[in-house]
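Below are the features I grabbed from Swiss-Prot:
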type: DISULFID; residues: Cys40-Cys102; note: disulfide bond
type: DOMAIN; residues: 80-254; note: domain 'FAD-binding PCMH-type'
type: CARBOHYD; residues: Asn30; note: N-linked glycosylation site
type: CARBOHYD; residues: Asn33; note: N-linked glycosylation site
type: CARBOHYD; residues: Asn46; note: N-linked glycosylation site
type: CARBOHYD; residues: Asn59; note: N-linked glycosylation site
type: CARBOHYD; residues: Asn147; note: N-linked glycosylation site
type: CARBOHYD; residues: Asn169; note: N-linked glycosylation site
type: CARBOHYD; residues: Asn262; note: N-linked glycosylation site
type: SIGNAL; residues: 1-29; note: signal peptide
Amino acid sequence: MKFQSFFSSVLIFFTTSTLLLSIPHPVSANRSNQSSFLQCLSLQLNDSNIVSKVIHTPNDTSFSSVLASSIQNQRFSAPDVPKPVLILTPVQPSDVQSAVKCARRFGIHIRTRSGGHDYEGLSYVTHKPFVILDLRNLRSITVDVDNRSVWVQTGATIGELYYEIGKKNRTLAFPAGVCPTVGVGGHFSGGGYGTLLRKHGLAADHVIDARVVDARGRILERREMGEDFFWAIRGGGGSSFCVVLSWKIGLINVPSTVTVFNVTKFSEQSALKIIHRWQFVADKVSDDLFIRVMLQRYKNMVRASFPGLYLGSVKNLLKMVNKEFPELGLEEDDCTEMSWIESVIWFAELGEEPINVLTKRTRASLAFKAKSDFVQEPMPKTAISKLWRRLQEPEAEHAQLIFTPFGGKMSEIADYETPFPHRKGNIYEIQYLNYWRGDVKEKYMRWVERVYDDMSEFVAKSPRGAYINLRDLDLGMYVGVKRSKYEEGKSWGVKYFKNNFERLVRVKTSVDPSDFFCDEQSIPPFTFVEVI
């Protein structure tokens, strides 16, 4: 009786709610499909306790908090941003299977969310009726120290992953990003990089198995899915092909002592000299050394920061930098020795907290827009100076430019080994970011566009590359033109994936020919023509 009562209450929502009437779509057909979907899902779950934990309708008190909890870009929390008709929070893998099977049967559009860090909000926003599949409850992490491997569910964050590794062993690590609240689901499936990329490459380079739910609702591991499918989800964006439930990753060794450091400059002349020289050094120096460049405003001044990680002692670091990069002016007082897991906290700017600070899930308070580029030839000082002046503009109060060095392991892995193609020949990647508070966004977004335009002659061309994990809808998206999605998707797909785009399309055509898993920039199948 309890289950039937709960099911009746949620079904009544779908048959009577005026919320759905405000969404422009064929109302009667979609409402019928949504009710049928809910009935299908509720019957498959078949337990009132599970149903109440998994299904959240707009009438539920939990709906708003669940929706908002993983919105990491406040640009997509405004009242006029489309909201889902339903949020599902699976508590076990079979719940995901049920959701996919029922959604496919009744034509329900699903968006899958892990940590909510999609830069354009595509894991939780679209302009047609949709359901969010939020994987927050699938976050178990099993560390096998003896075999140097981990099974991690995709609702976990990289901070939680780092914490579990650090608890077990201080000389094992994983080469993923620096922001601890990023979900491992999207991060690994887009490539994923951090301070260890020059020594060990991308996170995706160390994925050795995966469990997914495919478009037919089957749970598959690497052996069952095949090597092409497995290749595609390690850098090609998993949400185009399946729902990734968990990853098996291989851990890497790090020294018991590493060194972090930071050098800051406020003088434009001093900063430009160092940045210009950095371009000739950062990708060629020992792969034990990672030095990032960050440009941003600080108390109405432009500040250049050079934070870095060295896999070794301060003594050896200073010896190397004084020889290879004396322009940096690195001194012993700029450096601190610590364990690798402590360096993760340092780069995340979390202070001197215990390592369990990495498990905290915080919600971003600012809106932002971002773009990315890859640089293959050193920029002249005039170009760097132009960036400095852009940061002095009023709209750049919270802007940030991040230069991430490549080389090392990144140059040793062929560009076709995973879908991420930006390997050998790239000196560094630039990320252009601008943050703001409030609803007035146009001037801040235009600032990013101006900077991006300024850099056009100094970055990779044919195509001008971009990183899928720094998603940018300005590159293009499906707009409903009556031509093949392949022709539309290729225009931006080659920017993210270069020659690997064609192989991704072949995989998509094989594993999801009806395009069940899709979004505004998803990989298209060859066979599918539709108005989105």
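Backbone N, Cα and C atoms are what each Cβ position is placed from, and that goes for glycine too.
Describe the structural context of these features.
Taken residue by residue with DSSP, Cys40 (disulfide bond) is part of a helix. In the structure as shown, the Cβ atom of Cys40 (disulfide bond) sits within 10 Å of 18 other Cβ atoms.
Across the domain 'FAD-binding PCMH-type' (80-254), the model assigns an average pLDDT of 98.
In sequence order, Phe106, Gly107, Ile108 make up the list of same-chain residues 6 or more apart from Asn33 (N-linked glycosylation site) whose Cβ falls under 8 Å from its Cβ.
Over all protein chains present, the Cβ of Asn46 (N-linked glycosylation site) has 11 other Cβ atoms lying within 10 Å.
All protein chains considered, the CB of Asn59 (N-linked glycosylation site) has 13 other CB atoms within 10 Å.
Spatially close to Asn147 (N-linked glycosylation site) yet at least six residues away along the chain is no residue at all, judged by Cβ distances under 8 angstroms. Reduced to three states, the DSSP call for Asn147 (N-linked glycosylation site) is coil.
DSSP assigns Asn169 (N-linked glycosylation site) to coil in the three-state reduction, placing it in neither a helix nor a strand. Cβ contacts within 10 Å of Asn169 (N-linked glycosylation site), excluding its own Cβ and spanning all protein chains shown: 15.
The Cβ of Asn262 (N-linked glycosylation site) lies under 8 Å from the Cβ of Ser305, Phe306, Pro307, Gly308, Asp334, each on the same chain and at least six residues away in sequence.
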Using DSSP and collapsing to three states, where does Asn262 (N-linked glycosylation site) fall: helix, strand or coil?
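Reduced to three states, the DSSP call for Asn262 (N-linked glycosylation site) is strand.
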Please compare the recorded positions Asn30, Cys102 by how many other CB atoms fall within 10 Å of each one's CB, and tell me which has the fewest.
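Fewest other Cβ atoms within 10 Å, among the recorded positions Asn30, Cys102, is found for Asn30.
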What is the nearest of the glycosylation sites Asn30, Asn46, Asn59, Asn169 to Cys40 (disulfide bond), using the Cα of each?
Asn46
For Cys102 (disulfide bond), name the DSSP secondary structure in the helix/strand/coil scheme.
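The three-state answer is helix.
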Find the one among the recorded positions Asn30, Asn59, Cys102, Asn169 whose C-alpha lies closest to that of Asn46 (N-linked glycosylation site).
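In terms of Cα distance, Asn46 (N-linked glycosylation site) lies closest to Cys102.
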So of all those recorded positions, Asn59, Cys102, Asn169, which one's Cα sits nearest to Asn30 (N-linked glycosylation site)?
Cys102
Would you mind reading off the Cα separation of Asn169 (N-linked glycosylation site) from Cys102 (disulfide bond), to the nearest angstrom?
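It is 42 Å, counting Cα to Cα.
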